[in-house]
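What follows is a set of notes on a single structure, which appears directly below.
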């Protein structure tokens with residue numbers, strides 16, 4: 001929402017105003033929205049939210065790709081080089097650091113394996129869940145990789161050494177401002193859904209564990225049916241779910257407000273989380289399940 005506000009400010013002032021906009025109110029609004037959506041009881045009940053998030057992802061990605069291509073066509077030249085940003089624009093150590101940051105961000109983008117088990121658990125049977133997931137994973141990873149590689153390549157070709165960290169929110173483009181607003185709104189909607197996709201499995205894990213530890217607690221286990229108008233099914237209210245999920249969202253919102261360098265944090269999380277969660281553990285689980293002897297050729 002901050003980029004939308006800044007984009008409109010730049011448009012109104014003809015880029016003469018620096019347009020410093022505080023992101024705090026929008027982070028608070030995002031947190032309030034996530035408190036509401038986090039009360040959806042189960043992961044399988046947010047499939048519609050996942051679909052909306054996916055559509056929004058393709059929307060802003062398509063806009064970014066189209067703007068990159070149009071910029072290259074407009075200037076009639078391909079900027080940048082195969083070796084990346086040139087020495088002089090940045091020093092050698094900064095170039096190395098940015099390269100590692102880029103690898104971390106790429107790794108973070110492919111940390112989807114954390115959610116594959118939860119997604120597979122909600123897939124209809126038959127056919128076999130494993131067959132469905134293999135096809136879905138192959139298709140989604142292929143399309144995502146090709147799509148984002150095109151965006152990165154055309155974005156770099158359009159701006160070269162002056163390419164911002166984020167083509168849409170970093171104001172690589174200033175016009176058409178209405179198209180940038182659509183793209184940034186799509187990002188907001190996508191993040192609303194993505195937050196729930198990543199948090200719902202954690203919510204379910206904590207609540208199931210609490211129910212096992214305190215099986216006789218009404219606060220944790222009792223469900224109250226709240227009637228809803230319009231002929232909808234009654235909402236199943238659980239006090240523990242209400243309190244714990246609300247506290248979790250509040251804490252994550254406060255932490256995000258205290259982090260001034262979002263991309264750097266994403267890089268660190270990607271670097272620490274990619275290898276153990278996306279490579280090591282899935283491979284180890286496969287070895288255990290198939291009972292493959294160590295150091296064998298299988």
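Every residue gets a Cβ built from N, Cα and C, even glycine.
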May I ask you to indicate which of 136-157, 202-223 is given in TrEMBL as transmembrane segment?
136-157
Given the ranges 21-40, 81-100, which one is assigned the annotation transmembrane segment in TrEMBL?
21-40
